[in-house]
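One structure is given below, encoded as structure tokens.
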Amino acid sequence: NQTLPFLPRSLEQLPLPRWEGRNPPNVQPGTSWDLKGQLCDLNAELKCCRERTQTLNQENQQLQDQLKEAQQQARVLGAECRTLEGELARVQAQAEQGQQELGNLRARVLELEEQLGTQQGLVQELQKEQVGLQEERRGLAARLEEQERRLQASEVALSGSQAEVASLRQEAATQATLLVAQGERLHGLEMERRRLHNQLQELKGNIRVFCRVRPVLPGEPTPSPGFLLFPSGPGGSSDTPTRLSISRLSISRSDARRGTLSGTPAPTTRHDFSFDRVFPPGSGQDQVFEEIAMLVQSGLDGYPVCIFAYGQTGSGKTFTMEGGPGGDPQVEGLIPRALRHLFSVAQELGGQGWTYSFVASYVEIYNETVRDLLATGTRKGQGSECEIRRAGPGSEELTVTNARYVPVSCEKEVEALLQLARQNRAVARTSQNERSSRSHSVFQLQISGEHAGRGLQCAAPLSLVDLAGSERLDPGLALGPGERERLRETQAINSSLSTLGLVIMALSNKESHVPYRNSKLTYLLQNSLGGSAKMLMFVNISPLEENVSESLNSLRFASKVNQCVI
């Protein structure tokens, strides 16, 4: 009949298990969420302990009821025993039965005593567990107090962080306002740069002429001293060379007869020319491009740019435009250098909100027939199907039908297009009597720019033209079948070059009618010649004395162009 120790009905004060330094997953220690999460876990574990204690209380109550019942039964058995003993005295015949029932009752008592001992052991275990839970509760209470202190400290730190965040937001808003102001100022400066850049190019001349003399190649005769001279300017050798002189022997009959009779050398005639820039034979490709880099950049600003290479066959036009073979960066031509420069500047302008796209085409004009140099597969050799047309009704943009227009964005793509064009021209040269030197090749890059944030757009073509050889046909040449074809080629070339000169003259004189349609070349380049377009002509000449007549013809044509002002 031992009584159970006091068991509280509410276990809110019981100690709960420790986390032993562990934190719930995905929660940073020391944060408010860490403390709240641990508090929730402790409440859940406290609830479990309450349920367990309630179960144990119920089991204890059942055992106590069983114990009372056993005691009641023991009292009943005692009464029965006494009754049996009385009956034994009165009835001897029932003695054995009473003894047997008494033995059964004793066995039952022993069994009940064993059950009672078991229940007492269970009660002792529950008492020990209760002591442990009380210890754990005290530990959890202490830990809860610590977490509350840390929570208060975190709340203080959070308040400070919120104040700091508010300050940073205010500072960010100030910086954003300043950034917008700087963007406006930067945009204004960029627009002013474009205006001044265009004004500078116009002051230099919307039509400029550069002269380039190629070096003497291995196996060619060395020119006599004084044949080619590059006189210095007023500032001496430090001035940029702009003048060229060619000395030529007089070949009149009177001069020849006078030289023969007197034994003196025939007199020479000196021809002086002046251009915007003259490149002696030692000038490299990088020096040449440095002079036109700013002109090329005008294409990104929305101004059409057209650069010609003019001169006789073998004077270095193709080398100037495309560069030398072998992929040597030192001998890269104007086309790969210009596109590399455009890609680089476009990337820089991307930081100001501008986005640019580039679409390239490459055609040649042979005997007034347009042929696509970027054609592949079965489209090769179908130049007769290419025609120059307006892009649409009322549109000023010109396009070449059946020609490929290839978007480009890097140097490798441009190099692949140039390689394909060289292969197509090489095939044509084999089958069409050096057609590459007897045709105009026109590389065009359509530049489109957009500033989405300000709703600004600009578009302009960059045209790089390798003109056909400008040499004259020998008037004394017998007209065989091959010579007739050569005559037809030369007539077509001279006609297109004459038309080019007439177009430039008409633009310079501001005539009401400009004969663009007199030639496929000028018609294709119509949008790159007039208006606000920038034109530059390279006149390429040979340093050999045997080519002096063609060199003088080229220089005279270039001088006429150089005198034009738009």
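Each residue, glycine too, has its Cβ placed from N, Cα and C.
According to TrEMBL, the feature coiled coil maps to 46-206.
Feature annotation from TrEMBL assigns domain 'Kinesin motor' to 206-564.
Using a 10 Å Cβ-Cβ cutoff, T318 (ATP binding site) registers 20 neighbours. Annotation comment: TrEMBL describes G311, Q312, T313, G314, S315, G316, K317, T318 as ATP binding site.
Highest local Cβ density among the binding-site residues G311, Q312, S315 belongs to G311, counted as other Cβ atoms within 10 Å over all protein chains shown. Between the listed binding-site residues, namely G314, G316, the fewest other CB atoms within 10 angstroms of a CB are found at G314.
Looking only at the binding-site residues T313, K317, the densest Cβ neighbourhood within 10 Å occurs at K317.
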